[in-house]
Amino acid sequence: MSFISDRLYATVGCHPTRCGEFEENGTNPEDYLQKLKDTILSKQDKVVAIGECGLDYDRTQFCSKDVQKKYFEYQLKLTEYFKLPLFLHCRNAADDLYNILSKHSGLEGVVHSFDGTSEEANKFIDLGYYIGLNGCSLKTEENLEVVKALPAEKILFETDCPWCEIRPTHAGYKYIQRENLDFPSVKKEKWKPDHMVKSRNEPCNISISVIS
């Protein structure tokens, strides 16, 4: 999509739950990494970060911890080569993610969809990373306390469209003003311009993340 629209940009990388693709069906990991590199080189002006990559220990049924760690670190070769920031995924894996990143000084990026503790956030901030907030960051009162303690200059807001909406059951929902919930939506089969797809988080909801 980013290659055909002047308004859109892309990240390139392998999600932690898909890291098995590096060696799937006899694939040479170096060949897989080269394909990622070639994708970036083909439209270097449109690629703004490496990712989404990182660690996801909540879904190891898709990819083991060891495989995730191996090929996350593999992808750091891309950010070091292209001097691009990292778009990081972290689920129940903050210690291992921090330990890997701390071995590679000078890298930059954002830990997106952050739902960890203040201690974990501060460790990433101390390495120079930003903290990305969306609906998943605002589920509980404990989440809200973590957000309140973050330095404002290290926060980036996101929607993670089409996921991670702020639901009525989330602690952050009570801070949303009524006028920010009034974007019209229709079923995907009846989609039309200036409307959201029903039951789908959309980029226009970025204001809701900020307000919450």
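The backbone N, Cα and C atoms fix where each Cβ goes, and this holds for glycine too.
The Cβ of GLU52 (divalent metal cation 1 binding site) has 19 neighbouring Cβ atoms from other residues within 10 Å, across all protein chains displayed. A strand conformation is recorded for GLU52 (divalent metal cation 1 binding site) in the three-state DSSP classification. Among the features that TrEMBL reports, divalent metal cation 1 binding site is placed at GLU52, ASP160.
The feature divalent metal cation 2 binding site is assigned by TrEMBL to HIS89, HIS112. Cβ neighbour count for HIS89 (divalent metal cation 2 binding site) (all protein chains, 10 Å cutoff from its Cβ): 23.
Secondary structure at HIS89 (divalent metal cation 2 binding site), as computed by DSSP, is strand. Across the structure, HIS89 (divalent metal cation 2 binding site) and GLU52 (divalent metal cation 1 binding site) are spaced 6 Å apart at their Cα atoms. Between the alpha carbons (Cα) of GLU52 (divalent metal cation 1 binding site) and HIS112 (divalent metal cation 2 binding site) lies a span of roughly 9 Å.
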